[in-house]
Amino acid sequence: MKAADNKTPRKKAVRDEDVRDEDVRDEAPRSQDSSARPFRARTVRARGGLSVRFDVRSFTVVALLLVAALAASVALIGTGDFPIPARDVLKSLLGNGDTGQEFIVNELRLPRVLVGLLVGASLGLGGALFQAISRNPLGSPDVLGLGQGSTAGALTVIVLFSGNAAEVTVGALVGGLATGLAIYVLAWKRGVHGYRLVLVGIGVSAIVTAVNGYLLTKADLVDAARAVVWMTGSLNGRDWPQVWPLLWLCAVLLPLVLGNARGLRMLEMGDDVAYALGVRVERTRMLLMLAAVLLTAAATAAAGPVSFVALTAPQLARRLTRSPGPNLMAAMCMGATLLIVADWASQRAFGADQLPVGVVTGVLGGVYLLWLLVTERKAGRI
Amino acid sequence: MNRTSANNPSANRLSAENVTLAYDQRVIAEHLSVEIPDNSFTVIVGPNACGKSTLLRALSRMLKPNQGRVLLDGQVIQSMPAKKVARTLGLLPQSSIAPDGITVGDLVGRGRYPHQGLLRQWSSEDERIVRESMSSTGVAELADRYVDELSGGQRQRVWIAMALAQQTPLLLLDEPTTYLDIQHQIDVLDLCAELHEQQGRTLVAVLHDLNHAARYATHLIALRDGSVIAEGAPSDIVTAELVEEVFGLRCQVIDDPETGTPLVVPAARQTRVAPAVGVADTSSTTEARDVRDGGDVKDAVNAAKGF
C-alpha cells in the first residue's frame with residue numbers, strides 16, 4: 001500500500017506538459033515570497049567551517065508568536081474578578097508592584113498561565129512531531145486517541161479509586177503512555193507508516209472511548225461531575241505542582257527533539273530517501289515518537305485533554321512559515337499562543353473560571369478542521 | 001571519493017556474497033552472489049518479481065540479508081556508520097515524496113545531509129556542489145521553482161540531482177525511467193551515461209526495458225527467480241536463448257541499427273501461440289504479465305506465488 005501511495009505524484013506529473021522551454025520567472029508566481037532565490041534559508045558562516053542555516057520567515061514567525069504568547073499571558077494574568085492593568089502586571093512580575101497585586105499575580109495567576117503556556121507548547125510540539133512522523137495532518141494525538149488514553153487513566157483513578165488530584169495526574173500520565181505504546185506496537189510492521197498509524201490510532205481511540213463511557217456509567221454523581229470537568233480540559237486551579245514537572249520535561253525533551261529535527265526533515269521525503277541519505281530511520285522515528293507521546297501525555301495529565309491544539313497548531317504554523325519541514329519551533333509557539341488566547345477569550349466572554357479552555361479550543365479546532373478539509377478538497381488532495 | 005579501509009584492494013567496492021534475501025517469511029533469493037565492477041554502468045534486468053529491486057535494496061543496506069553479507073569497500077555494510085555509507089553510496093529509490101512547497105534548490109540541497117552536522121549546516125562547498133549538481137542535470141534554471149509544479153521528467157532529474165549532490169562514487173537507481181515517456185526515458189538514461197563516462201561514477205540501475213539496458217549498460221546482470229542467469233557485457237550475453245530463458249519470451253536478437261548493441265524483437269503473436277519448448281513455466285509467464293508494477297511489496301507477493 002505504501003509503495004503505491006508514494007508513486008502517485010510521479011505518475012500524475014507525467015501527464016503534465018513539459019514546460020522547460022518557457023520563461024521560468026514568469027511561470028512561477030508562487031515563488032515571489034522566496035524572492036526568486038534557489039535556497040530559502042540564509043546562512044551564517046564562521047571561521048573553522050562552522051555554518052548555521054535559518055529560514056528568515058520561519059524565524060520571524062517564531063519571534064512574533066513568542067511575543068504574542070507573552071502579550072496574551074500578561075493580558076490573561078490581568079483578567080479576572082480583580083482586573084489588573086498590563087503595566088501593573090509587568091511591575092508585579094518584576095517584583096516592583098504593590099503587595100496585594102504581587103500576591104494575586106505571582107501566587108494565584110502566574111502558575112496557571114505558565115501551565116497554559118507549557119501545555120500549549122507541549123501539545124503543539126507533540127502534534128507537529130506526530131504529523132511529521134505520520135506524514136499526515138490527521139496523524140495528531142487527538143485523532144490517534146492519546147487524549148482518550150489519558151482520560152481512561154484519569155477516569156480509572158477517579159471512578160474506581162476516588163483518588164486525589166495528584167493521583168489523577170499520575171493515572172492520566174500512565175494512561176497516555178500506555179496508549180502511545182499500544183499504538184506503536186500495533187502499527188509497527190517493518191517501521192511505522194503514516195496511514196497505518198492513523199488507522200490504528202482511530203481504532204484504539206474508539207476502543208478507549210467505549211471504555212471511558214463504561215467507566216462514566218459506573219461512577220456516582222460526584223465522581224462523574226469531577227470526571228466530566230477533567231475530560232473537558234481546563235486550566236482552573238492549576239498551580240506550581242503542575243508547572244515544575246512539565247517544565248523539566250520540556251527542558252529535557254526540547255533539545256533532544258531539536259537535535260533530531262534534521263533527520264525528521266529527511267524522513268519527510270520517504271523512508272527510502274532518508275535511508276539513502278544516512279538517517280537512522282527507525283531510531284530517529286522511535287525516539288521522536290517517544291518524545292511526542294511523553295509531551296502529549298504530560299500536557300494532558302496537567303490540564304486534561306485540551307482538544308484540537310495538537311491538531312491545529314502545527315498546521316497553522318506551517319501556513320504562516322510557508323516552509324516545508326516539520327516547523328517544530330513555530331508549532332510549539334503556536335500551541336502556547338493558541339491555548340493562552342483561548343483561555344483569555346473564554347474568561348473575557350464568560351467570566352473567570354466559567355468555561356473550561358478545552359471547550360473553546362474544541363470549537364475553534366472543529367471550525368478549523370472543517371476549513372482544512374474544504375480547502376484541501378479544493379486543492380484536490382482529499 | 002577515496003578508497004578507505006579496503007581489505008582486499010583487488011576486489012570491487014560493492015558486492016553481495018552468498019546472500020539470502022527475504023521479506024518476513026517470503027524468500028526472494030537464496031545464496032545469491034553479485035559483484036558490481038568498479039567504474040561500470042551495471043544494469044540489472046529480469047522479469048517482475050525476479051528480485052532485482054530486492055537485490056538493489058540489499059546492496060543499499062535497506063534490506064538486511066538473512067544470510068550472507070553485502071560488502072562495501074571490504075566492510076560489511078550494516079556495520080558501517082549510516083552517514084559514512086551515505087557518503088559512499090547513493091540511492092535513487094522508486095518511492096520518494098517531495099515535501100509540499102519545497103523549491104528545487106532546497107530539495108537538491110537536502111542531498112548534502114550526510115556531509116553536514118549540527119554546526120556545519122551549509123558550507124560554501126555544499127552550495128557549490130548543489131549548484132554543480134543542478135547544472136549537470138539541467139535543472140539549474142528551475143532552482144527557484146516549486147517541485148510540485150514540475151513535469152515528471154523534470155522531477156526525476158531533480159531527484160537525480162539530489163542523489164548527485166550526495167557526491168557518492170557509487171550510485172544505485174531503482175527503475176529511474178518508470179512512469180516517464182520515451183523521450184524522458186532516453187533523457188534520463190543519457191544523463192546516467194554522462195555521469196558514468198564523464199564523472200567516472202559507478203552506476204547500478206534496475207531497468208525494465210531490455211533494449212535500453214543493452215544500449216546503455218557496460219555490464220548486464222540477468223536475474224530470474226532470485227538467481228543470476230547471465231552477466232557480462234550486453235553484446236556478449238544478450239541472445240535469443242537468454243531472453244527466452246530469463247523472460248520466457250521467444251524473440252529475435254538483431255543489431256541495433258543506431259548503436260550496434262543487441263536489440264530484442266519479440267516474436268510475432270502467431271508464432272508464439274505454439275507452446276515454447278521446455279521454457280516458460282507458469283511462474284515466469286504470470287510474472288511477465290504486468291510490466292508496470294515493480295513495487296517491492298508486489299514483488300514479494302508475486303514471488304511468493306511464484307515459488
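Cβ atoms are placed via backbone N, Cα and C, with glycine included.
Note: TrEMBL annotation is automatic and uncurated.
Here TrEMBL flags A:1-30 as compositional bias 'Basic and acidic residues'.
According to TrEMBL, the feature region 'Disordered' maps to A:1-38.
The transmembrane segment annotation in TrEMBL covers A:59-78 (among others).
Taken from TrEMBL, the feature transmembrane segment applies to A:113-131 (among others).
Marked as transmembrane segment by TrEMBL: A:143-162 (among others).
Residues or ranges marked as transmembrane segment by TrEMBL: A:168-187 (among others). Away from its own ends, the transmembrane segment (A:168-187) comes close to residues 144-154, 156-158, 193, 196-197, 200-201, 203-204, 208, 230, 242, 286, 289-290, 292-294, 296-298, 300-302, 304 of its chain (Cβ-Cβ under 8 Å, at least six residues beyond either end).
Here the transmembrane segment (A:194-216) has long-range neighbours at 1-2, 5, 133-136, 138-139, 143-145, 148-149, 151-152, 155-156, 159-160, 179, 182-183, 186-187, 224, 227-228, 231, meaning same-chain residues at least 6 beyond its ends whose C-beta is under 8 angstroms from one of its own. Here TrEMBL flags A:194-216 (among others) as transmembrane segment.
Here TrEMBL flags A:243-261 (among others) as transmembrane segment.
Under the heading transmembrane segment, TrEMBL lists A:287-308 (among others).
For A:328-345 (among others), the entry in TrEMBL reads transmembrane segment.
According to TrEMBL, the transmembrane segment annotation covers A:357-374 (among others).
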Contacting positions for the transmembrane segment (A:328-345) when only residues 6+ beyond its ends and CB under 8 Å are counted: 58, 61-62, 65-66, 68-69, 72-73, 75-76, 79, 113, 116-125, 127-129, 235, 257-258, 261, 264, 306, 309-310, 312-314, 316-318, 320-321, 357, 360-361, 364
Best-contacting stretch, by C-beta pairs under 8 Å, relative to the transmembrane segment (A:113-131) and drawn from A:59-78, A:143-162, A:243-261, A:357-374: A:243-261
Residues of the parent chain within Cβ reach of the transmembrane segment (A:143-162), under 8 Å, 6 or more residues beyond its termini: 130, 168-176, 178-180, 182-183, 197-198, 201-202, 204-206, 208-209, 211-212, 215-216, 218-219, 223-224, 226-227, 230-231, 293, 296-297, 300-301, 304-305, 307, 311
